[in-house]
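According to TrEMBL, the record shows the following:
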type	residues	note
DOMAIN	A:25-464	domain 'Amidase'
ACT_SITE	A:Lys77	active site, charge relay system
ACT_SITE	A:Ser152	active site, charge relay system
ACT_SITE	A:Ser176	active site, acyl-ester intermediate
Amino acid sequence: MSSTAFPTLAVLADELRSGRRSAVDLVQQALQRAGQCAALNGFVSLQGDEALAAAAAADSARTATAAPLAGIPFALKDIFCTKGITTTCGSRMLQNFVPPYDAHVVEQLHAAGAIRIGKTNMDEFAMGSSNENSAYGACVNPWGSDRVPGGSSGGSAAVVAAGIVPYAIGTDTGGSIRQPAAFCGITGLKPTYGRVSRYGMIAYASSLDCAGVLARSAQDCATVFQAIAGHDDRDATSVERPADDVQASLDKPLHGLRIGVAREYFGGGVLPAVAQRCHEALAELEKLGAVLVDMALANAHHAIAAYYVIAPAEASSNLARYDGVRYGHRCAEARSLDEMYSRSRAEGFGSEVKRRILVGTYALSAGYYDAYYVRAQKVRRLIANDFAAAFASVDLIAGPTTPTPAFRLGEKSGDALAMYAADVNTVAVNLAGLPAISAPAGFVDGLPVGLQLIAPAFAEARLLNATHQLQRVTDWHLQEPAA
Amino acid sequence: MSLDHTAVRHIARLARLAVREDELESLRSDLERVLHLFDDLAAANVDNLTPLAHPHDQSLGLRDDRVGETDRSEELLALAPFSQGGYYLVPKVIE
Amino acid sequence: MSTETRSNADQRGWQAVIGLEIHAQLSTVSKLFSRAATAYGAEPNTQAALLDVALPGTLPVPNREAIRKAIQFGLAVQGTIAQHSVFARKNYFYPDLPKGYQISQYELPVVADGKIAVRVDDGRRIDVEIQRAHLEEDAGKSVHDAFHAETGIDLNRAGTPLLEIVSAPVMHSAAEAVAYMRTVHTLVRWLGICDGNMQEGSFRCDCNVSVRRDGETRLGTRTEIKNVNSFRFVEKSIEYEIERQIRALENGEAIVQETRLYDPTRHQTRPMRSKESADDYRYFPDPDLPPLAIATADIERERAALPELPQARRQRYIDGLGLPEADADQLCADRANADYFEAVLAAVPGQAKLCANWVLGEVAAGLNEAAIDIAAAPVSPAALSQLLQRLRDGSISGKIAKDVFAAMWQGEGSADAIIDARGLKQISDSGALGAAIDAVLADYPSQLDDYRKGNDKLLQFFVGQVMKRTKGQANPQQLNELLRQKLG
């Protein structure tokens with residue numbers, strides 16, 4: 001059986017520059033594959049005609065020095081505003097919302113010549129870990145039709161894993177890039193908070209939200225990261241700091257790289273076989289010269305509670321704008337202002353979104369603010385301090401991205417707490433605003449396992465370097481689900 | 001932390017989410033379970049720690065006082081479910 | 001009227017306690033967090049940027065100039081400028097609030113612990129503590145009467161920068177509250193941080209009013225009168241509210257803590273219906289906006305650039321220029337006024353009182369009649385000073401000067417040009433003046449006879465007749481001297 005997958009972005013760019021392949025070919029291949037994989041429900045919308053037109057234009061403007069992403073198709077999580085193209089954020093609320101502007105990330109990729117073929121399925125307003133909370137139906141994991149792809153960037157992960165596009169853009173608020181990357185057997189990079197502008201990215205929890213990349217390899221993640229990172233004065237949290245040349249450091253040897261193996265990340269609910277795969281991947285890194293250091297993150301287990309206070313609190317406020325006045329769903333029968341608000345919102349939002357809005361409203365309300373919100377922000381500092389202390393003696397921190405491989409569709413959808421608990425290893429990273437990557441580390445019962453590496457703020461280059469070196473000597477990331 | 005129906009109604013009212021009476025109990029027990037998760041916060045030792053509201057203790061980026069947006073009212077009003085004469089319309093508000 | 005109300009309240013054994021929250025719109029060209037224009041009077045929603053209509057994915061970025069203006073105010077009231085202040089979200093649903101929250105400052109405002117000296121109409125001086133001043137964005141506007149069953153929403157004003165200036169509850173009468181509000185109004189315009197235009201809503205206030213029995217130290221239950229936009233309405237609404245509360249308490253009723261609206265046609269306040277009964281604003285730090293850091297160097301730069309403040313200038317006019325307090329007060333009510341005065345004075349040194357008389361007299365009357373600002377006065381300080389020089393050197397009399405000024409105001413040219421053209425120069429030539437006197441004395445022999453018999457009052461009659469004959473151009477001093485000589 002021949003591979004359906006694309007070669008690396010570097011190879012694709014080379015083929016396009018030399019004229020051995022055309023952008024139109026690539027886009028046609030992607031669209032054809034998307035058609036074959038329609039059952040995955042990975043896309044909320046496809047923009048085939050626009051993509052083909054852009055590809056034709058790219059081909060006619062072909063140069064030997066074209067930008068690395070020029071003419072190459074990609075998929076965009078439907079959380080990013082796209083001018084003139086419906087942007088639903090996985091919600092009924094925004095079923096007919098056509099933004100009059102492009103998100104910063106969209107502008108960056110457009111400027112780089114990248115060609116968007118469609119917008120991917122996601123948990124509504126990025127709230128979920130299974131993609132089952134989408135108003136447009138669940139998305140399916142290419143590794144098993146009864147399995148979730150993870151979430152909230154489930155569609156972005158599935159369409160890359162299925163070989164429809166070489167990469168996709170996602171967002172990560174509590175693991176929403178890394179967890180689906182792990183479940184779908186691909187590489188997912190969550191950059192440092194503030195590295196990529198949030199302008200035009202629909203907010204879930206503003207102090208945690210971060211745009212990033214899902215691709216086959218760390219090398220491809222590096223190429224895309226380079227294109228989307230950088231300062232933007234339309235986002236007051238965007239850092240004024242030139243993005244490092246992450247490509248240049250990919251080939252650095254790992255001799256002496258200290259990798260902290262966080263005990264807590266292997267404890268509790270982590271399936272032994274998952275822990276085993278991660279240890280095996282770490283052993284490969286050790287062979288490459290890395291030094292494994294046993295370490296503790298004493299407060300790691302408090303991250304879930306802190307996250308599930310802070311994220312819903314911010315969300316309850318961020319989602320107040322969906323009131324049926326200026327855009328979005330409006331209850332047609334509402335006769336009073338209050339009815340318009342409460343019925344439009346009750347009709348427009350799904351149950352998980354409502355749950356988080358209520359929880360967040362509660363956590364901020366008079367009498368509970370100190371016990372919940374303020375306390376959670378203190379725990380957040382505790383967790384950030386733990387990371388800072390750990391990074392005084394290690395360069396990276398490692399553990400399984402998720403406690404288990406992809407669970408079954410419907411397995412946890414009735415149990416919010418079980419769903420939340422599965423985010424135990426990813427949420428702390430967002431609380432501290434750190435960069436992290438999930439890379440394929442083998443399989444358990446035919447389902448992919450992800451190894452998470454966490455770096456200090458702004459050390460994306462180190463993450464990509466370590467992962468690239470691992471991927472040079474292993475082939476887990478090259479495995480493809482049966483078509 | 002235990003919740004009663006009055007509390008759930010109050011929160012739903014603050015959040016402007018219509019809740020039917022027959023949804024109330026399942027919502028209540030649902031929220032109560034989530035709130036139990038937060039009991040864990042009390043177990044963390046946060047003595048002498050200040051709240052962290054933004055990663056990296058960032059400070060704020062500012063902009064110069066320049067007008068940089070032109071009138072896009074037509075385009076924006078077209079997004080609205082109800083508008084007339086350049087205004088967004090809502091059911092009558094009594095002050 | 002206001003002092004009467006206070007004394008009424010006092011006499012009945014009650015004390016009113018008043019605190020004001022003044023909203024001063026900062027005069028920036030773009031909004032506090034978006035790059036839309038702040039100009040007044042545009043067509044509805046044409047100045048509402050993507051952020052101002054709260055489009056998904058849009059983000060706030062604060063306006064540096066608004067922050068600078070807040071610092072200037074803080075320094076002018078001797079407040080503390082916070083080196084770290086925090087923008088918070090105040091969450092509530094209202095159609096003129098597109099995001100569902102207002103970005104404001106809550107726990108850590110940019111200015112704290114200021115104070116301002118206020119002179120009340122009855123001559124007392126009170127120090128009003130300014131607890132805090134914070135930056136926040138304005139809401140949009142609801143239009144109720146233009147539609148049948150709907151309310152129209154205009155978001156042009158949404159996001160306009162406001163400085164909310166919160167006084168301590170230390171005022172005890174409507175007169176004190178108005179005097180405080182006027183003092184702040186003068187200051188913000190003096191600093192150039194707010195245009196003070198009350199019709200356009202650039203300067204308005206919420207009045208917190210409570211009453212308590214004399215000698216009681218705890219505060220009574222307060223009500224808040226929202227959005228009062230004239231000094232007169234502030235006075236009237238507070239007076240009404242004090243009376244209403246006293247009457248209610250004397251009738252054994254409790255005061256409900258509530259928000260009220262002032263109805264200027266009936267001079268009454270009434271409860272607002274639209275506000276949520278149990279407000280729970282769920283303030284929390286805005287996650288889109290990390291803390292605002294203000295460097296000491298920036299604060300010091302603003303301090304150094306601060307203009308001479310109205311209080312200081314008033315004192316200088318009294319102590320240094322010897323002006324009466326009333327003149328100093330009037331001149332310093334407005335910085336442009338005071339600057340105009342000083343520009344005139346610079347060219348007629350040592351004549352502060354003369355300059356003040358003219359600026360507060362003829363100039364003020366002209367401005368008043370034409371309903372224009374001093375910046376638009378048709379007579380410039382330089383032009384006025386030329387006129388005053390002619391008055392000083394005896395070329396013209398005070399009466400003629402007023403006529404010349406009127407002509408200058410009408411645009412007929414400079415003082416010298418008008419004096420020349422109309423031949424208004426005073427007759428100071430003793431020959432010509434003597435001839436005129438001789439002619440008058442010849443015309444009125446019987447009056448001359450009476451005068452010489454001792455009727456001194458007739459001196460003024462002869463002065464008047466000579467003035468008439470010389471069309472008012474006789475130098476009055478010289479005329480007097482010569483006349484006395486001739487009458488011997």
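Backbone N, Cα and C define each Cβ position, glycine as well.
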In whole Å, how far is A:Lys77 (active site, charge relay system) from A:Ser176 (active site, acyl-ester intermediate) when you measure between their Cα atoms?
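Each residue's Cα considered, A:Ser176 (active site, acyl-ester intermediate) and A:Lys77 (active site, charge relay system) end up 11 Å apart.
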Over the domain 'Amidase' (A:25-464), what does the predicted model average in pLDDT?
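Averaging the confidence scores along the domain 'Amidase' (A:25-464) gives 96.
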For A:Lys77 (active site, charge relay system), list the number of other Cβ atoms lying within 10 Å of its Cβ atom.
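Its Cβ has 32 other Cβ atoms within 10 Å.
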If one measures from the C-alpha of A:Ser152 (active site, charge relay system) to the C-alpha of A:Lys77 (active site, charge relay system), what distance in angstrom results, rounded to a whole number?
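About 9 Å separates the two Cα atoms.
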Mind telling me which of the active-site residues A:Ser152, A:Ser176 has the densest Cβ neighbourhood, counting other Cβ atoms within 10 Å?
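Of the active-site residues A:Ser152, A:Ser176, the highest Cβ count within 10 Å belongs to A:Ser176.
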Provide the three-state secondary structure of A:Lys77 (active site, charge relay system) computed with DSSP.
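Where A:Lys77 (active site, charge relay system) sits, the three-state DSSP reduction gives strand.
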